[in-house]
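J.: Here it is: the structure, laid out below.
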């Protein structure tokens, strides 16, 4: 052997050596590497010793067979170049790496194979060339130690070994790869075989005791090879191969080659098509053609008519007589009636003292017995709720990016935000927030972040550095300012990539706005502070709210600072609630103005205004005020009653119900008052009798509408959605109370006002009389004559009617098409006011976040995790079922655009099995000291913890027995992970497993991540797909022996409870609206004497209003959701006001033709409906356009405006025309007499006389003889 030595500061470089089979180049251990400090294991280096390989026997042979089984040639013929000490050091080094590789036996075998070749191969001199040596003195003995060498490896062996390991995962890191921790700066994405080996041979990694320069040589290429060197090209195992020691093939999650053939999900169903185009459009066009042809056909045969026999007039006569008597009594004793009404309202309103206002969105929109609600309650019962998130997303849009030509990575784009000064500024902001302190009355001391922070690795007594803070500076443990680092030598800092609180920093939680893992091109920093989520009854809840208030204050001050370099968005957990409360308070004046405008209009519009001198006498200011008070009292009585019986209210009820009742009440008030103003008192008739007679004329119409709406809303209370149910109950009773008070208190109030007017006394100044007498001619106002003389004749002209029918049919068919394209959902941005900082945050969130919300797959009681079959049905490592729980989730991530699952689930079962594996040093037992036999953590010395928890199995597939499972699981869950053992369960899994007193696992969860979800449609689709996946998992796990038949796995994330409603809201809406439509038809038929035709026309028009409303929602970007559903239910009620009065007026008209009766109904009742419903609603609705809350602007301004305008159009344009074509020809035929066709011409005159007879109580013979 010849060797030339060159000394450099005590280091010798060996440049030549002889390479021949059967020889070693180093042997035995010389001591510590004097050039290395602060390593994870002692850097023991071998002695330079060119000698023959030694025969190994006895214990030496047994240890060699265990550590390096590939050299085993039998005890009498096995040679090696390593001592027992070297084998011990090698095993210790391999143990740390195997802790993350042991999931895949072939990978772990290949990894050990490589290092065994370098350390123990009997032909070591042929594959290794020593490059650096140094004199090392150990125990007064100086020897030459090897500090570096070259290792020559064949490319096939190197590539196969790398391929077997590159997909091995670390479950606790949420889908992270083990290779990422073993490839240094390159991570998993840029790792190659050469880079992987280079990291292993880098002594600065804390594991390698010396420098190894791995040379990967192409087969047949001898260029540059030292003489005698033969690159090692032994057999490396593929990941889907068993190991010579009996290890099973790697699982699918760690080895793509092991994956079974899984059918891809069925393609997404395309849009519904017919004849190669949009199917709904084709159907709408066909329906349009059929309806128009049907109408034309009807016109062509309309000369043939039959007389309908109905009892409408009889029903009207009976109801009128009863209401006439009632009205006369109410008008005769006005003060008594007002007092009794006030007492009833006061008694019911007493319940308001117990009112409960529901503001929790969960309580509002999710039924208590809904699946999502029950799953949420299960999760929150057994697991901690989601922690509170406080976040800042920072960008620097004005800064230019630059290209850095890296020797290692090549040209790399660094965005403008990736600069040292901005990272330092970010750290300064982070530090300022971390140091928040404030006085807490609840704790009676100064509080800080550590009092409320989420500290996964030290939850009981956290320090400030234990708090979970995720940011880019956490990659450097927040020491960026202290280090003089830059992009050129940022990887030479020698620091771990763990955050200072001990957990890994996931890139998607530190930076955003990058593509394909090009983190240097990220456009945003993400700074996140996580707090514990306490119950509202817990004193620390207020402390957390105080901290978040201080957090917002600091961030807002920083935003205003002109010196800051960022443009950013921010939020605290309390922000949503704060902003909603703020906008609610700010929009209260808008609602008050809206009601004031309505009141002023009613007060002005109800006045007669016959003369300037009688202006204060004929005005109806107090009557209008009384009408408003009647509405207010009905709402208060309804709220008080339901509060008294324990049904909570909500902001939706406070905002919608008064509008609804006001629309109904104002319409009835206008009809009543206008009828009274147009009426002339009969001879010998008292004022009270006149009011009673007028009430008898109009009250049946008021009853028809009020009863229809009330029954409609009571049936709507069958809804499963709490907000819709409570709204329907409150609205139903409020409408009934409004009608009752109108029949009592308002009649009494009108009686008092009529007495004042008859006495020519001024309103408000009752002591003052005017001399100008009231004109004897009834005041018909402006609207009724205009409609009678101009509007109705033009509308009901022969050609106008045809145009109206065609236009409204076209509108209806177009709305049907649009209705099929309405978006379902409610984006959370709409709950915020337009000037809210949360809107900017939502924009940043959707733009820069690379991953969605975490989703837990939760198991219930009834599954035996302790059995081998149970573990295999859950885990995803070696020996596990190919369609286990975690494996099915892994398959779903292969199609994220369909499954909405981006990152596979972590698995406490997998990590528990790896933690138990005797090839790692995670689970050991004390063999010395007072804790003998108890669990020993990995950071304890091996001298006192020499025993593994489990013996090494023959096939390397570790599965504990039931006793071992139950014994060691608590130790695993409380074991803090560190660099000695990364598999400890504290922080990652200690809250993921819940056991009862007997030790049975009654709940557990596995966390994955959704893809970024940006709107409610995606959130809803993600929920649907997650449930489908969970159902498949449940079905598979129920097949495991011993599993309870009711065992279940369900997905859970905090958003599901809000978006579950959209899975069923279409059917829910159809059900509720159908229930509302039913009573409008039934009540109309009953109160019109079983007039089915009028009832059907009434129903048809209301249906058209609702369909057209949904169609316009599509055009005006109004999504369909629970708030919209409440408004659509309200639309049915308001439509009844627009339609039913007109239908009834037409049905009771005694004009000889349909057109004449339609003209009369339009002029008489249409004017009252227009003034009472349309003009009452419109001013108040328009005021809402100035509200700050987008929710109010969209669902209360836009939607109510659409409902009112469409209701007005259908009630005052379409319905009169339809009635003129299809209405009943004769509304009354007395059942007592048989009338032949020749006598029809006399019937109308007889009807009119009969009606007059009913009014004046004339004898029946007066009109009977006429017939």
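Using N, Cα and C of the backbone, Cβ positions are placed for all residues, glycine too.
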J.: According to TrEMBL, which listed range is transmembrane segment: 254-279, 280-305, 358-383, 384-409?
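T.: Of the candidate stretches, TrEMBL labels 280-305 as transmembrane segment.
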J.: So which range, 1124-1147, 1244-1267, gets flagged transmembrane segment in TrEMBL?
T.: 1124-1147
J.: Quick one: sort out which of 588-609, 764-785, 830-851, 852-873 is the transmembrane segment according to TrEMBL.
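T.: Matching range for transmembrane segment: 588-609.
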J.: Could you check which of 799-820, 887-908, 909-930 is flagged in TrEMBL as transmembrane segment?
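T.: It is 799-820 that TrEMBL describes as transmembrane segment.
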J.: Labelled transmembrane segment by TrEMBL, one stretch among 546-570, 621-645, 946-970. Can you tell me which?
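T.: My reading of TrEMBL: the transmembrane segment range is 621-645.
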J.: Should anything in the same chain at least six residues away from the transmembrane segment (1097-1118) have a Cβ under 8 Å from its Cβ atoms, list it; otherwise answer none.
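T.: Beyond its ends, the transmembrane segment (1097-1118) has Cβ neighbours at 808, 811-812, 814-819, 821-823, 1073, 1077, 1080-1081, 1084, 1124, 1128, 1131-1132, 1135-1136, 1138-1140, 1143, 1194-1195, 1198-1199, 1202-1203, 1206-1207, 1210-1211, 1214-1215, 1218-1219, 1222-1223.
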J.: Mean pLDDT for the domain 'SSD' (587-752), rounded to an integer?
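T.: Computed over the domain 'SSD' (587-752), the mean pLDDT is 83 on the 0 to 100 scale.
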J.: Assess whether the transmembrane segment (1168-1187) lies in contact with the transmembrane segment (651-674), where contact requires at least three Cβ pairs under 8 Å among residues 6 or more apart in sequence.
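T.: Checked: the transmembrane segment (1168-1187) vs the transmembrane segment (651-674), in contact.
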J.: If we skip the immediate neighbours and take only residues 6+ beyond the ends of the transmembrane segment (694-721), which ones have a Cβ under 8 Å from one of its Cβ atoms?
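T.: For the transmembrane segment (694-721), the sequence-distant neighbours (Cβ-Cβ under 8 Å, at least 6 residues beyond its ends) are 315-316, 319-324, 326-327, 330, 365-367, 369-370, 664, 667-668, 671-672, 675-676, 679, 727-729, 731-733, 735-736, 738-739, 742-743, 747, 1061, 1065, 1068, 1071-1072, 1075-1080, 1082-1084, 1087-1088, 1122, 1125, 1129, 1132-1133, 1136-1137, 1140-1141, 1144-1145, 1165.
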J.: When each of 325-352, 588-609, 727-752, 799-820, 1069-1090 is checked against the transmembrane segment (621-645) for Cβ pairs under 8 Å, which one has the most?
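T.: Top-ranked stretch among 325-352, 588-609, 727-752, 799-820, 1069-1090: 727-752.
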J.: To the transmembrane segment (1124-1147), which of 325-352, 588-609, 1069-1090 is linked by the most Cβ pairs under 8 Å?
T.: 1069-1090
